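J.: Please find one structure pasted underneath; my questions will follow.
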Amino acid sequence: MSSPPRGDLAAQLEPVVQEAVEAIGFDLELLDVHQAGRRRLVKVVVDAEHGIGLDEVAQASRAVAAALDEVDHLMAGPYTLEVTSPGAERPLTRPRHWRRAKLRLVKVKQPDAVEWFGRVGQADDDGVVLLVKGELRRVEYRTIERAVVEIEFKPAPASELSILEPGQHEDESEPESKEESR
């Protein structure tokens, strides 16, 4: 399921663009078409199960450009195609976004609540398990007003990872200080 397209032209282009993107194994996150001076700007945001890099963005750009060439009559004039990845600070709005953010730290805002942080565990179609201050908490998506991944500059603590995935991170425990005797 992709984001709802904006405008009549976007609605016409969405099936064409979505088919091109899915044919190469990516997800269409956003399709936006709007006038930018004398040209139209066609913005396409794509993602993949394990993230997307520059090579994949280039591959998606070629696939979308070829698909748009096939329906050039719909464009009725010059346009600029912009294909990009969602970026690190995009909101987590769909179950697949939460699954892709597994083990990442997120900032969550619920209605009538302060913002809080948690580490993402298992996610399904209705909600997600988050590790919050050492305790596992199940949160339904419908109760989340906004959530974004927080950029971390250090690896996640092994103690948190072992709570979220028991038996998989014991060998990654924090290193102990060892002194050699001479």
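Backbone N, Cα and C define each Cβ position, glycine as well.
The following feature annotations were taken from TrEMBL:
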type	residues	note
COMPBIAS	167-182	compositional bias 'Basic and acidic residues'
DOMAIN	17-89	domain 'Ribosome maturation factor RimP N-terminal'
DOMAIN	92-153	domain 'Ribosome maturation factor RimP C-terminal'
REGION	160-182	region 'Disordered'
J.: What is the three-state DSSP composition of the domain 'Ribosome maturation factor RimP N-terminal' (17-89), stated as helix, strand and coil residue counts?
T.: 28 helix, 25 strand, 20 coil
J.: Within the domain 'Ribosome maturation factor RimP C-terminal' (92-153), how many residues are helix, strand or coil going by DSSP?
T.: 9 helix, 30 strand, 23 coil
